[in-house]
Amino acid sequence: MASANQTASVTKFILLGLSAHPKLEKTLFVLILLTYLVILLGNGLLILVTILDSRLHTPMYFFLGNLSFLDICYTTSSVPLILDSFLTPRKTISFPACAMQMFLSFAMGATECVLLGMMAFDRYVAICNPLRYPVVMRKSVYVPMASSSWAAGSAASMVQTSLAMRLPFCGDNVINHFTCEILAVLKLACADISINVISMGVTNVLFLGVPVLFIFISYIFILTTILRIPSAEGRKKAFSTCSAHLTVVLVFYGTILFMYGKPKSKDPLGADKEDLADKLTSLFYGVVTPMLNPIIYSLRNKDVKVAVRSLVSQKLFTQ
């Protein structure tokens, strides 16, 4: 009964963000706002061309359209909150809003992990078994693959969010983050979180470890097949079809490894600098990475370039 009363008493959380760096907040507000607009424009344009251009009605571009929509959803679940926190002296968020933001961010992140694995399989079939590609990657296969990515990410997020928000929060309600990041929220719980830790560990293995291993094995086969191609032009053409996806994978997982893999400082001054560095890295992961995805695919893919130019020229011509 006491636990229930304690939980009910927490009606909102305070987001610490970069409160200790007000000048940096003003600078980042402008930069993040511009980046967010680029994310909406770039990913929105990619979705548009993959729908309107019949040449892009293939499994690879269907997955790319899903990735672009996912990036828009992911940033929209957190960036408006971050921008508002930069302008508001008292950065607060209600308990239900915190739960919703936590669910959306976690769901989008988990979905992207699975989706990148699905895209690796698509590239594996296209390069290693090109003759069977139309049969293996038919519409009745790749649409459920994408749907299952969204379903798996949403289910995992529902479990983690439910486990986190059922905990009693009876002490400090200050979240040392820009948003309701699940690990930052768990630190505020005044109860045993061992179930949450175990559940998070299992989820990380399933949604980080398994896709990374799958992507790694896929690219071993892909690179082996490419190296067997006799002509240099053939090898270049084959690699160009998967270079954009490989670049996105390296940026996405490289940032995650940098965020959670580096050692923690024991020096108090070093810890403060590290805390700032962690927050800025988190911003990079949450904002810059989704901005890079459409840029990478546009620069490294001739089909997308042609489709974008065609769409732009059609709009100009009709005007």
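Cβ atoms are placed via backbone N, Cα and C, with glycine included.
The structure displayed is predicted, hence computed values, not measured ones.
Taken from TrEMBL, the feature domain 'G-protein coupled receptors family 1 profile' applies to 42-297.
What TrEMBL lists as transmembrane segment is 28-49 (among others).
If you look up TrEMBL, you'll see 61-83 (among others) marked as transmembrane segment.
Counting residues 6+ beyond its ends, the transmembrane segment (103-121) has Cβ neighbours under 8 Å at 60, 63-64, 66-67, 70-71, 73-74, 77-78, 142, 145-146, 148-150, 152-154, 156-158, 160-161, 179-182, 203, 207-208, 210-211, 214-215, 218-219, 245, 248-249, 252 in the same chain. Look at TrEMBL and you will find 103-121 (among others) tagged as transmembrane segment.
Per TrEMBL, the feature transmembrane segment maps to 141-159 (among others). For the transmembrane segment (141-159), the list of distant contacts is 59, 62-63, 66, 102-104, 106-115, 118, 121-122, 199, 203, 206-207: same-chain residues at least six beyond its ends, Cβ to Cβ under 8 Å.
For 205-227 (among others), the entry in TrEMBL reads transmembrane segment.
Packing against the transmembrane segment (239-260) from elsewhere in the chain are residues 60, 67, 112, 116, 119-120, 123, 126-127, 208, 212, 215, 219, 222, 226, 278, 281-282, 284-285, 289, 292-293, 296-297, 300-302: each is 6 or more residues past its ends and has a CB under 8 Å from a CB in it. Taken from TrEMBL, the feature transmembrane segment applies to 239-260 (among others).
Remote same-chain residues near the transmembrane segment (280-299) are listed as 28, 32, 35-36, 38-39, 42-43, 45-46, 64, 67-68, 71-72, 74-75, 78-79, 82, 177-178, 181, 244, 247-248, 251-252, 255-256, 258-259, 305, 308 (criterion: CB distance under 8 Å, separation of at least six residues from the stretch ends). Residues annotated as transmembrane segment in TrEMBL: 280-299 (among others).
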Study note, to complete from the structure: Counting only residues at least 6 beyond its ends, the same-chain positions whose CB falls under 8 A of a CB in the transmembrane segment (61-83) are 15, 17, 29, 32-33, 36, 39-40, 42-44, 46-47, 50-51, 93, 101, 104-105, 108-109, 111-112, 115-116, 118-119, 122, 142-143, 146, 149-150, 178-179, 248, 283, 286-287, 290, 293-294, 297, 303-304
Review point. Near the transmembrane segment (28-49), which residues from the same chain, at least 6 beyond its ends, have a CB less than 8 A from one of its CBs?
Key: 18, 56, 64-65, 68-69, 71-72, 75, 79, 82-83, 86-87, 283, 287-288, 290-291, 293-295, 297-298, 304, 307-308, 311
